[in-house]
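Listed in TrEMBL for this protein:
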- H259: active site (ACT_SITE)
- D310: active site (ACT_SITE)
Amino acid sequence: MSGGTAGSGLAGVTAGKTAISTVGKEGKGLTYRGYAIEMLAERASFEEVAYLLIYGQSPSRAQLTEYREQLRSLRRLPEGLKPVLEALPGNSHPMDVMRTGCSALGCLEPEINRDQQWDIANRLLALFPSLLLYWYQFHHHGIRIETDTEEESLAGHFLNLLHGESPGAIPRRVLDASLILYAEHEFAASTFAARVTTSTLSDFYSAVTAAIGTLRGTLHGGANEAAMALIERFQEPDEAEQGVLAALENKEKIMGFGHRVYKEADPRNAIIKDWCRQLAERAGDSYLFPIAERIEVVMKREKGLFPNLDFYIAPAYRFLGIPVHLYTPLFVCSRVAGWAAHIMEQRADNRLIRPMANYIGPEPRDFVPIEQRG
Ligand SMILES: CC(=O)SCCNC(=O)CCNC(=O)[C@H](O)C(C)(C)COP(=O)(O)OP(=O)(O)OC[C@H]1O[C@@H](n2cnc3c(N)ncnc32)[C@H](O)[C@@H]1OP(=O)(O)O
Ligand SMILES: O=C([O-])CC(=O)C(=O)O
């Protein structure tokens, strides 16, 4: 883009190279390190995918066993973090808790040299569910939980800390699949924020903290909570249809629909929708899933728009008994794997990311000192 102005919001601009994933490339859909998302979501585990993203190759069986063990050993909160989490208000948005918790960890366990980057990535991956649920249980139920469980997977660990018991196979599997779907997405806004921060030679925690703050907004990761808020407004599909038509008439955005890169469909949607349908059947649900499906039909008919990953993940998480304000933090718990891979990739071939702006302000003019102004 030399000379001209990039499209608004950098739409359509290629801003760098990556070997981590492809998004919306013709014939390639969504791949992590060359593997199709459909195969990963069906056949792999989240830990396997995190390893693939962070280390650049699939683990052997022995490596995966060792990696799971390593992550399990990193779940305990540092003592210094507990008072910080306890001091935060109970009515904070949990994304603010994630952002502050990550930043505080950067003070408690700072990155002194680059060789630590793999350890820090794994520590964040292992610790984020503990951090979030320690704060949540302390403020919402008045208890100080132990954050190391015997659960093998992050999904099982999260549900165990949330519900206080080991989850069943289906909830564990669905949450695991959703984490695989959330793990990585090329130069999404939060990842780009992490790369910009990294490009100044800043530390790992600063890059992840910037990414968390960027994910929080409803045009990005915050859309999953906003989608649930929309779906919950309605009691049945006809009401949802009328409500969505009225919102569109008002030029409101329907969260969980559309995408900057995908033009016809988000390949992750079919996978999460299928899991959501299964959970609805298990729960004997007769309204959440039909309402969501009606909204999908209306959005296709009225706007030609399709659901992105954030839409059906919302009712799926509801069926898993996850409070709505923990949806975007769960996105963090997974995406930190992708962010970590991008931070490392940026560091390996770094140049300061610093574009230019087209100036549209006033022409040069004389400055009038304050005492001479009216
Ligand atoms: C995991 C993720 O982060 S996926 C993204 C999650 N975010 C959301 O679901 C938020 C809702 N979706 C959106 O706001 C957008 O589709 C985005 C932000 C994802 C992509 O945005 P952009 O590529 O900038 O598209 P933009 O916002 O310009 O939309 C293009 C047109 O489609 C419309 N449109 C796009 N998405 C929506 C939507 N969800 N609801 C209603 N209209 C929409 C816009 O109003 C605009 O219409 P216009 O040309 O008549 O003004
Ligand atoms: O790629 C994007 O812009 C947003 C997205 O779907 C993701 O981060 O998963």
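Glycine is no exception: its Cβ is also placed from the backbone N, Cα and C atoms.
Rounded to a whole value, the Cα-Cα separation of H259 (active site) and D310 (active site) is 11 Å. Cβ environment of D310 (active site): G221, A223, N224, A227, M255, G256 lie under 8 Å away, each six or more residues apart in the same chain.
Just so you know, the Cβ of H259 (active site) picks up 19 other Cβ atoms within 10 Å once every protein chain is counted.
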